[in-house]
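The structure under discussion appears below in the form of structure tokens.
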Amino acid sequence: MEITKKKIGELGGSEVTAYTVKGKNGMTMTCLDYGCIITEFIVPDREGKLENIVLGFDNIEDYVEHSPYFGAVVGRIAGRIKEGRFTLDGKDYHMAKNNGENHLHGGERGLDKVIWNLETKIETDKAQLIFTYESPDGEEGYPGNVSLRTVYTITDQNELVIEYNGTTDKKTILNLTNHTYFNLSGNAKSTILEHTLQIDSDKFLELDSGLMPTGRLLDVEGTAFDFRNGRKVADGPASSHPQNILAGKGYDHPFVLNRKKQPAIKVSCEESGRTLEVETNQPAVVLYTSNQLEGDFLINGNVKAERYLALCLETQKHPDAINHPDFPSVVLDKGEEYYSYTKYSFKVE
Ligand code: G6D
């Protein structure tokens, strides 16, 4: 393993640095201390061809101007909070409504838009990028001084493990995820519509027109949401199911993981032979198929932004859980530790 770094620009008077980790079996990952953003992820296809399988930019300005959370850690609360408000121990909190009438991905300046401290650790067959950030009490309207740690572990077995730790000095809410957009065809040469996706999930969360969970869990049986035995992503945009249509003709839904088998999720690309397997300790995963990825800008240097160019697998607790007592709790109290684990394994078939 080897790690190199280089300054790629400045934001708000602070330097932004890119770190590149190179494994011995072809995997190379580059990320920024800004938002822990994964900007490039190179893995081999079945012929050994090394290509990038994530959406990103090669400059910081494009991230600021165009990025829909490409590659970023999002939070303090991933997903939406209805009307940007919640009550904790009888106190009402009101936060930015940065997505229509709702709060999304930690607000106007969420964790994807701050510069984290970064230390590196290297061993023979793995390397770690250890990001830390002290989120002050009241940041984006969230209570508590929260100490955050994100660790990316990259191995010579072409795996990426993402772990989050969080502690607080007073009761708060916390639910982080990574918002990387994957496209296993390589260099986004095709959309993900022909990718095959498998998710070990019997239920998904019904969304309202604002993409907020209604609280109802819907059965995947007999719908385009049934990924238990594998299904082409294209089935979503082609589906007449009201939830596929409501999401902008695709998926933007939390799936409740059965947690009976690992990997919980598998993505396959017949064209390249690449596969991605996901294991996690989280109870849910939001599948987003880039239904809203449109705009007049280039991604990865030469790819025009277009819908269905990639898919996100945002492992997390259920969105808006603070307003749904029957969802797994996102409350973190003083003396408790928040911990989240997700492993991405890249293989070929
Ligand atoms: C859209 O609804 C989707 C979100 O799920 C996604 O995270 C965002 O675009 C990037 O708002």
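In case you wondered, yes, glycine gets a Cβ from its N, Cα and C as well.
Listed features, source TrEMBL:
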ACT_SITE  His179  active site, proton donor
BINDING   His179, Thr180, Tyr181, Asp252  beta-D-galactose binding site
ACT_SITE  Glu314  active site, proton acceptor
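Feature map: TrEMBL annotations on the structure.
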residue: His179; record: active site, proton donor; CB count, 10 Å: 23
residue: Thr180; record: beta-D-galactose binding site; CB count, 10 Å: 27
residue: Tyr181; record: beta-D-galactose binding site; CB count, 10 Å: 26
residue: Asp252; record: beta-D-galactose binding site; CB count, 10 Å: 20
residue: Glu314; record: active site, proton acceptor; CB count, 10 Å: 23
Ask   = What is the nearest of the recorded positions His179, Thr180, Asp252 to Glu314 (active site, proton acceptor), using the Cα of each?
value = His179
Ask   = What are the other residues, in sequence order, whose C-beta lies within 8 angstroms of the center of the C-beta atoms of His179, Thr180, Tyr181, Asp252 at the beta-D-galactose site?
value = Pro68, Tyr69, Phe70, Phe182, Tyr288, Ser290, Ala310, Leu311, Cys312, Leu313, Glu314
Task = List the Cα distance (Å, whole number) between the residue listed as 'active site, proton donor' and Asp252 (beta-D-galactose binding site).
result = 12
Ask   = What is the biggest Cα to Cα gap, in Å, among His179, Thr180, Tyr181, Asp252, the residues listed as binding beta-D-galactose?
value = 14
Note = Among recorded positions Thr180, Tyr181, Asp252, Glu314, close to ligand 1 by Cβ (under 6 Å) are Asp252
